[in-house]
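Student: Following this message is one structure expressed as structure tokens.
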Amino acid sequence: MHWVFHCILIILACLRFTCADTPANCTYEDAHGRWKFHIGDYQSKCPEKLNSKQSVVISLLYPDIAIDEFGNRGHWTLIYNQGFEVTINHRKWLVIFAYKSNGEFNCHKSMPMWTHDTLIDSGSVCSGKIGVHDKFHINKLFGSKSFGRTLYHINPSFVGKINAHQKSWRGEIYPELSKYTIDELRNRAGGVKSMVTRPSVLNRKTPSKELISLTGNLPLEFDWTSPPDGSRSPVTPIRNQGICGSCYASPSAAALEARIRLVSNFSEQPILSPQTVVDCSPYSEGCNGGFPFLIAGKYGEDFGLPQKIVIPYTGEDTGKCTVSKNCTRYYTTDYSYIGGYYGATNEKLMQLELISNGPFPVGFEVYEDFQFYKEGIYHHTTVQTDHYNFNPFELTNHAVLLVGYGVDKLSGEPYWKVKNSWGVEWGEQGYFRILRGTDECGVESLGVRFDPVL
């Protein structure tokens, strides 16, 4: 095991710039081991040097076990490739791997971050430095020259090649795309700061015999937009995020809206405010991206979401949080990656969670061909545009809402039905279907579950 010394801060002003879509590209193996946290008193400003009053040693073990120096046991999960969260002895630690603005990152050191008890009644500041492995690596995708201000060129032959290459789905030209720059389309697909590669190897859990037995009687198809028992649909209308990279906020709000309707038997039917998340969340980067685990999960539990009428959606990052502390908010609790930790998610668990508790956010890798999707069961093609001599549409991570699954009656292909946030004119009236059972584009890796608080 390796020693790592970290800085954990509770100051929101610092957090705003450190909590989501960083250039870090770290793995389970990087986080696994023995970490030492130095803790100090709460301060109103980020300290350059912390007067540490105590330290805590926490060991992160396989697959999701956390044990502190006193023998208390808890759990932990990697947060994509950006950091991890530990819950132990009624306290939560949010750790984001250290990085610099030039794209350098260090998987054995943290940025200033949060620690607070699970009741959010008391918080602390802690800081530290790396003991060993004090080496920064470069994420070449982050901050690379991208010609981002160039207007996107629609190449009709590219769409034609997509349709000729395969028959599972059909692409279509959306003329409005030519009005946007490459950076604006990146924002729409996840945000310029989500241009990070998915870990090549996940600490993935395969379905157990018990799980296979438990899910053996699940229906062949299920769709919350049209429940099979004829009941009301809890799925709220399609949103259009515009060119703001707020996709992480839309499915987080939509999932909470749906689950509140189900738990309350439709006695409560809020339409929540993703704009509040864009303006106020210390766990994301406004219009530059974020992750549902930190929004539907942590932000929903720590801060809650007010209704849309409080802060309507503008698709802009104002940088100012104007929400009254006294407004009614809807909260989440008991959030986690499906399966308990990042890497534990699989198809069967996703089906079970979907049917049992309602729609939930997922993330997946967006390639250039996806923006031209019109209908059918999407899978990434190897077709490349020949207009540019570089790849202008670098890989991003896009968050969406899983609402159903089924099997195509013509092709026999299994699929997930997913709600996007690009308006009703895109795809299948705002939805798309994507290949199920193969972790296509990572769609079976980032499912997030939570319970609504009523």
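Positions of Cβ are set from backbone N, Cα and C atoms, glycine also.
As listed in Swiss-Prot for this protein:
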ACT_SITE  CYS247  active site
ACT_SITE  HIS398  active site
ACT_SITE  ASN420  active site
BINDING   PHE291, TYR337  chloride binding site
DISULFID  CYS26-CYS107  disulfide bond
DISULFID  CYS244-CYS287  disulfide bond
DISULFID  CYS280-CYS321  disulfide bond
CARBOHYD  ASN25  N-linked glycosylation site
CARBOHYD  ASN265  N-linked glycosylation site
CARBOHYD  ASN326  N-linked glycosylation site
SIGNAL    1-20  signal peptide
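Could you place the listed features in the three-dimensional structure?
Tutor: Reduced to three states, the DSSP call for CYS247 (active site) is coil.
In the three-state DSSP assignment, the secondary structure recorded for HIS398 (active site) is strand.
Using a 10 Å radius centred on the Cβ of ASN420 (active site) and all shown protein chains, the other Cβ atoms total 25.
All protein chains included, TYR337 (chloride binding site) registers 24 other Cβ atoms within 10 Å of its own Cβ.
Around CYS107 (disulfide bond), a 10 Å sphere centred on its CB holds 22 further CB atoms from the protein chains shown.
DSSP assigns CYS287 (disulfide bond) to coil in the three-state reduction, placing it in neither a helix nor a strand.
The DSSP secondary structure for CYS280 (disulfide bond) is helix. In sequence order, PHE303, CYS321, VAL323 are the residues of the chain that are 6 or more apart from CYS280 (disulfide bond) and have a CB within less than 8 Å of its CB.
When other Cβ atoms within 10 Å of the Cβ of ASN25 (N-linked glycosylation site) are tallied across all protein chains shown, the result is 25.
DSSP assigns ASN265 (N-linked glycosylation site) to coil in the three-state reduction, outside any helix or strand.
In this chain, no residue six or more apart from ASN326 (N-linked glycosylation site) has a CB-CB distance below 8 Å. Classification of ASN326 (N-linked glycosylation site) by DSSP places it in coil, neither helical nor stranded.
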Student: Is it possible to get the count of other C-beta atoms within 10 angstroms of the C-beta of CYS244 (disulfide bond)?
Tutor: 24
Student: Can you give me the Cα-Cα distance between CYS247 (active site) and TYR337 (chloride binding site) in Å, rounded to a whole number?
Tutor: 18
Student: Just checking, which of CYS26, CYS247, CYS321 (recorded positions) has the fewest C-beta atoms within 10 Å of its C-beta?
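Tutor: So among CYS26, CYS247, CYS321, the recorded positions given, the one with the fewest Cβ atoms within 10 Å is CYS321.
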